[in-house]
Structure formats: structure tokens, C-alpha cells
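> Here it is, the structure, as C-alpha cells.
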Amino acid sequence: MSECGGRGGGGGNNSEDAEDEGGGPKGSGSLSPAGAAASLEGRIRRGLRGASLMARQRPELLCGAVALGCALLFALKFTCSRAKDVIIPAKPPVSFFSSRSPVLDLFQGQLDYADHVRQDSEVVVLFFYAPWCGQSIAARAEIEQAASRLSDQVLFVAINCWWNQGKCRKQKHFFYFPVIHLYHRSFGPIEYKGPMSAVYIEKFVRRAMKPLLYIPSQSALLDFLSSYEPGVLGYFEFSGSPQPPGYLTFFTSALHSLKKDYLGTVRFGVITDKHLARLVSLVHSGSVYLHRHFNTSLVFPREVMNFTAENIYKWASENQETLFRWLQPHGGKSLLLNNELKKGPALFLFIPFDPLAERHPLLDEITEVALEYNNCHGDQVVERLLQHLRRVEAPVLQSLAPELPASLPDTQLMAASPCCNTVVLPQGPALSRTHNVCELCVNQTVGGTRPSSVSVPQCSFFEMAAALDSFYLKEQTFYHVVSGSIECSNFLTSYSPFSYYTACCRTISRGMASFTGSEQNVLTAPAIEFSSLEKSCEATAPSSIPHIEENRYRFPQVGLTSTAFTGLSCRTNKTLNIYLLDSNLFWLYAERLGAPSSAPVKEFATIVDVKEESHYILDPKQALMKFTLESFIQNFSVLYSPLKRHLTGSDSAQFPTQHLITEVTTDTFWEVTLRKQDVLLLYYTQWCGFCPSLNHIFIQLARLLPEDTFTVARIDVSQNDLPWEFMVDRLPTVLFFPCNRKDLSVKYPGDLPITLPNLLRFILHHSDAASAPQDPGISPPTQDCVQSKAVLQREHISHVENAMQKLRSEMSSLRRTQEQVEGRLLSARRDGHRLLRRQRTLEQQHRLLRRHSQKLQALYLKKARELQELARASGTPLPEHTWLKILVATMERELEGQGGAKEPAPLGKARPNHSKSMGTTQLPGDTPPPSTTSSTLASETKHENRTD
């Protein structure tokens, strides 16, 4: 039995396996869902049985699998829990300033603590920084230097405004770093936007500490008024009250001005002495005065505006008058220079400036130049301020109040110190043994330089040149064949109606040594021979008169008294706007404008004229001073300026010297083009797409032609400026400079392709045959050959002149023909316009007639249809006509029956009803009533219907 049981058991297991594998009973060919579930359970059961068997046999594998699963679950849980922290947390901030620094460093952004300490100090400077900002790091040393100098008066606080957990980062939203805010007690913040330099920061802080400048004396008043900055003066009496009414408002207005303009363009001063106040027309305490150099100075209108700090600053800023402006580019993208250059020609002065210095001699000279340049009416107040700037002693002032412009000077007020020059009239054939020598003097008016300040009676170059021009126009008046006396004549200048010239002339022979008319005190008596006199006169001719700058250096004291410069801004169409820049900070701009990079003194002056697309520089070898500035401005202001346009170019050292094609720059242009060779110059730029395709052509050309007689060169005109006469309007352009005829340069035809054969033909056609090397075996030409060649040349010249004359006549005839054709074209154009207007009128009338014709056609069709209907109606008998005939016949019968015997009542009753019904009027469009027969038939039909 055990075997059966065993076999049976075995058979049972096999049957289960068979069912699991087959998915159903033996012999079944398809799988059912119940069989699939049983199969899955069988697999799981067998897997668990195998795992338990393996665990019993090798328990260490089970423990390892369990440990590995736990580790995977732990790692997955840890990763998912840290999924939000994808940014590394910021490191805690550290101190930005050292512990020994005078700056209080709140590196954790404690803005509330900064507000707390600000309440205990009168002046506080807050420095907001970001630790990673390079500009903040660079400004750190400057802030420390300024704080060390002002630590006993000002509290400097640095705040880290970048740490994300600090209050500064949460409450302040700055777009740049560093940021400097200044608080003066409860007033602020005043933001500083100037250069991050210690001296400028200290100057700004000191300006905020003392916004008002005390004026105790007349000298201090002149210092205040002669400054280039606009000045506002307030008069307050402190005798009756320690704080007069309006003083605090005036004090706040000075701080308000500094808040609006960190440069402190408008200065504020206080006068407490009533005598000083009267000099500027201030009488009542609390009045405010705005000084202006050239326009009428103003007093604050209390009756029009409220006396508030903002109104005072607004009034001063709207009415201020500036001599020149300080420019401080911040180094980034800015329209500062562009906006100023749009206003007109600009004079840029780069000077080393120390804001903390008490005196600025060079700045005083520039101020003096600006005052004279704009002093158009010779104002006495401006003259007094100029004397103060020159440190010239002057009498005590009576008043600095503005006065009305003086009337034009009379002839008696002409200056008593004319300037003279000796000239010689051109001699003619009849006067070969005599010469007319004249002393030409320019009489100056009071509107120019005062005689008291004139040290040398010498005119400027321009005045003497104008006098010579007017003199030579009237030289026939001064010719005398033989005259022993001195004759003088006065004539007005054509340039100014308020000045005139005096010419005193005398005829002398060649042997005369000197003039004898010393009693006139006009002519000098030089003891020289006429030959030397003639040489000296030739030296003083207009073409040989030294340049104005040379003249000023020859007579330096004359520059102080020149009348040509005073009020020049009102006598020229090229008025300059003057701008100053600190060369210690912005020397890079000066280098880009033409200043040398290795200048021993960083002083530079340049004039930029955007409209004329040119700029001029003052010679760096000349010192920047009043004389040179006046000469520089005068030379620019004349109509035909002697200044040379500054040209910028590439560095010639970067190009190799030994090359087939010579690279030309601005500095080497004249050297290359003026060689004793034929020079072919190509104009190109880097952005010209067609220019590089010509390189192989010019390389082949340079290889074909000999180097000793021909030069192939090129110039990049985008990097190198050239004089106007050598500029071109298209690229590429080829210019040819012949060897011995450099003034006859030729441009390659623009409509001719630039190819090697065309270039060779062009060069051979325009080259100089004389420049080619001659064969030593050929003998020189004979005299007859030279004479015949000269005759041929003269004939050729006469032929060319005749051809030119014919061309001129043809041009004149063509011009007349052109004028006639233009007149005819104009009349034809007028006729065309007139015909066009007539055509438009006719077209409009035609459209009106067409619309009228269409209306008539529609009306015609309508009437035609009506006529057809009438004709149709007249041809067809209408039912109304028949009904009328019956009615007439009936009435006739009734009339006939009235005279006969009476009929029975029913018949008589029926007739009136019938007649009544018959008497009803029917319109032509109505339906005729039915006849009697039809009525009877209708009644019978109804009766039959009712019966049925």
C-alpha cells in the first residue's frame, strides 16, 4: 500500500505539474483564464519552495539579500527627502573691512542697527556693498582713506546688502554696487554718484557738512562771485536772533541742491554784514540773491513763489548761468558726451584737478578766459571780477549790482593808445627812385581793452591784417610823387563801425635815412637805409606776419590786453561750449582725442566740431595757459581757420617695411606719395567685401613693375584719416601719383573694371616718361631740338587754349539752349496741367450726362409699358360696359312702366330692391355682380344642398 500511496502520491504530483504546465486537462489545446491563474500560483509556489529550500541549505545568502534591500530602501528615502535642497547654502558672511578700519562694518546687513546709530550722529555716510563686486572691492580703500580723514566728524558705516538673510537685502533693491548715501541729521539720503576716489568723496562730505559758505569780507565776496560756479547769496541778520527767519529754509535748500546735483554746481553763501549785502542789492534780512555774470542778477521773488527749500533750488537751477561744465563719465555706456557734442563745437580741457586744494591757478586762468570770451558788452562788474582774478589792486567797490548796458562810445572816447605798423606802398615804373612809406595805426574803442591796463601799444594780428586790407584797397589815395610833408588820413574799417584807421604817409627817396616829421609824434625815425627799410617792410607784409600764437609768445604781456578776444563768442558763428575733465581720472579720453600717452604733465586741450566732422588739438609742446587758450580759440573762430585738422591713424610700426605692397598710414601718407617714383595707391577697408578680391591683381602688378621706379601701396581709410582733398566717396578707389607731377594725381575710372591689363594701360598712359631711366648711350638733345620742342609746346599750348575757348563758347551756348529747353518744358508742363484739369472736368460732366441718360431711359421704359397697358385695355371690351348697358335698359323699362297700370306688390317690391342693388356704383377694378340667371341658379343650388 505504501508503494501505491507513494505511486499515487507521485502520480498526484505529476498530475499537478502537468496541469500547471499545460494550463488545463490533458489533451486540451486552448488556455482558459482559470488555467492561467492556476499556472501563476504554481510558479509562485515553486519559487517560494525553492527559496525556502535554499535558505535552509545556505542561510548566509538570505541575510545578505535582506541587508542589500534595506540599504537600497534607505538610500532611496534619503535621496527623496533631499530633493528640494538643490542649491548649496551661502556661506556665512565675513567682515569686509578690517577690524582696525574707521568704518563700522555691518557685514550681516543689519540695516536696523545702521538706522539706530544714524540717530546719534550729525553726518553719517552709508556704504552699501556686495562682497563679490569688483568695484566695491576697489572702492574699499578709498572709503577707508576718506573715513580716516573725517573720522572725528563723520560716521562711516558699511553695510553688506547682498546676504540674502540680512534686512538690507530684503528692504533695499539696488541695481548696482557700491552705493553711497549721506544723511545730514534728519535730511537725506543724499546719494553720491561721483568718482570712487577718496578726494572726491571727502569733498562731497565736506560740502554736505558745510553747505553754506560764510562771506565775511569784500575779498571773500569777490572770490565767491568770480567763481565759475553759479552762486546764491542769502542775507541774514544774526544780531536779533540766533536763527533768523528763513535761515533754516536757506540751509535746507543748499542740502536740497546737493541732493539733486551731487557735483554741487550751485554754491550757497551767507552774508551777515549789511554793507556787504548792499553791494549785491540785498537790503532786507532773509532775501536771496542769484549772481549771474552776463545777464541781470536776480533776487528771489517772495511775492510770486513760496519761500521753501525746493523752490529756492528750483529758482536757482532754472535761472543759473554757467561758464563751463565739469564732465564725469561713469565708464559705462552713456550719452553724456554725445548730448553735449550735439549742442555745437566743444572745447574739452583736461587738467589735473585736486578737489581739496584751496587754490587752483590754472582753473582761475580758464575762468578768466571764459569770462573774457563771453563778455560781449564790456560789463563793469565782469571787468572788476577779472581784475580780482588777475590779482590786480582796484579801488573799493561801490556796488556789484547789475547796471544797464552803456551806450555806444563816442568818437571822443576812443582809446588814446593806438597800435601802429609801418608799410610801404608798391612802387611803379615812374616812381622807381621814390617810395611812399606810411605809418598805419589802428584806433581802438573803449569797448575793448582799457587804456589803464594796456602796457604795450600793440594790436592783434587780426586787427592789423584787417587794417592792411582796408589800407591797400585805398592805396591810390596815398600816392605822392614828391612830397616832403607828412599827410594823414582817417578811414573807417569795414569790419566794425565803431573803430577807424589812421594812415600817415610821406614820400622818401632811396637815399633818405630817416623821417624828419618827429613833430607829428606819429611816425618814428629809424636811422636805417631804405634797403633795410624795404626788407623790414617786407617782413611785416600780411603774408609774412607771424602767426598769432607766435606773436603772443613774442609779446606775452600783449595777450593780457588783446581786445580781439573780449566778447568773441558774440562775434562768431562758431561759439564754443567749454567742458572740463579731470585728467587724473579720464586721461584715456584725452589719448583717444590725440593726446600723447607719455605726456609729462597731463594737460590737454582739443576742439571737437561734430557738424564739420573734425577736431583740432592744441600743440602738446605748448603749455596750457591763458595765452595759448586765447590763441587756440581765436584761430578756430576766424572764417578761414589756420588750424590743421587732427588726423588719427594706425601705428606704422606694426607693418613690415619690406613688402611687395606698402601699407600706408596717416603718418606715412606724404612720405610714400611724394617719393621720386610713380605711386599707385589703393583705398580699402576691412568691411569692404570686394576689396580683398583685388589683392592678387595688385600683387601681380607689384611683381611686374620695377621697385626702383614704381610703388604699389594701399591704405585702410577706416583706420587712417586723410586731408579732405584726398578722401574718396567709394571703395575700392585707385589713385595714381606720377613721379615728377605729384600735383596731377589721377583717379582710376570708376566704370572701368580693375584688371591687370587695364591697370597697366592706365599706368603707362599717365606715367611720366621723363622719370624713366635713360640709356647712357643716347646723347643729350641739341639746342635746335630743344628750341623746336619748345615751339611745339607753345603751339600745343595755344591749341589747347583755343580748344578751351571753343569749349567755353559751346558750354555757354549749351547753357542758353538748356535755359530755353527748360522754359519750354516749363510751359509744356503748365499746358499739361491745364489739359489735365480740363480732362477731369469733362470726365465729370460725362459721368453726370450718363447718369441722366440712364434715368431718362428708365422713365421711357416705364411710360412705354403704361401705354401698352392702355392700348390693351382699349382694344378689349370690359365687363363694366356690358353691365352699364343692362342697367340702362332696365331703367328705361322702369320709366316706361310708370305710366301703365300698377303691377302686383311682390313684383313691385322686388324691383326696387333690384334697382337698388343695380344702382350701386362699381369701380372699374371691382368684380361685376352676377347676373340674374346666375343668381337664380346659385339659389337653386343652395336649396338643393340644404334639401339633401
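Including glycine, each Cβ sits where the backbone N, Cα and C put it.
Residues or ranges marked as region 'Disordered' in Swiss-Prot: 1-35, 895-948. Swiss-Prot lists 61-81 with the feature transmembrane segment, giving sequence analysis as the kind of evidence. The domain 'Thioredoxin 1' feature in Swiss-Prot is assigned to 88-214. Summarising the annotation, Swiss-Prot assigns disulfide bond to C438-C441, C688-C691 and lists sequence analysis as the type of evidence. Annotated domain 'Thioredoxin 2' per Swiss-Prot: 618-768, in sequence order. The annotation coiled coil is assigned in Swiss-Prot to 793-874. Taken from Swiss-Prot, the feature phosphoserine applies to S798.
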> Determine, to the nearest whole angstrom, how far the Cα atom of the residue listed as 'phosphoserine' is from the Cα atom of C441 (disulfide bond).
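Their Cα atoms are separated by 48 Å.
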> Tell me, roughly as an integer, the mean pLDDT over the domain 'Thioredoxin 1' (88-214).
91
> Count the Cβ atoms, other than its own, that fall within 10 Å of the Cβ of C441 (disulfide bond), considering every protein chain shown.
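If we count other Cβ atoms within 10 Å of C441 (disulfide bond), we arrive at 22.
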> Other Cβ atoms within 10 Å is the metric here; tell me which of the disulfide-bonded residues C438, C688, C691 scores highest.
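It comes out as C438.
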> For a quick check of packing: other C-beta atoms within 10 Å of the C-beta of the residue listed as 'phosphoserine', how many?
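The residue listed as 'phosphoserine': 10 neighbouring Cβ atoms within 10 Å.
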> Roughly how many Å separate the Cα of C688 (disulfide bond) from that of C438 (disulfide bond), to the nearest whole number?
62
> Which secondary structure state does DSSP assign to C688 (disulfide bond), in the simple three-class scheme?
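Coil, per DSSP.
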> What is the separation, in Å, between the Cα atoms of C438 (disulfide bond) and C691 (disulfide bond)?
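Answer for this pair: 62 Å between alpha carbons.
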> Distance between C441 (disulfide bond) and C691 (disulfide bond) at the Cα atoms, whole Å?
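Cα to Cα, C441 (disulfide bond) and C691 (disulfide bond) are separated by 61 Å.
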> Across the domain 'Thioredoxin 1' (88-214), what are the DSSP residue counts per state (helix, strand, coil)?
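Breakdown, helix to coil: 42 helix, 31 strand, 54 coil.
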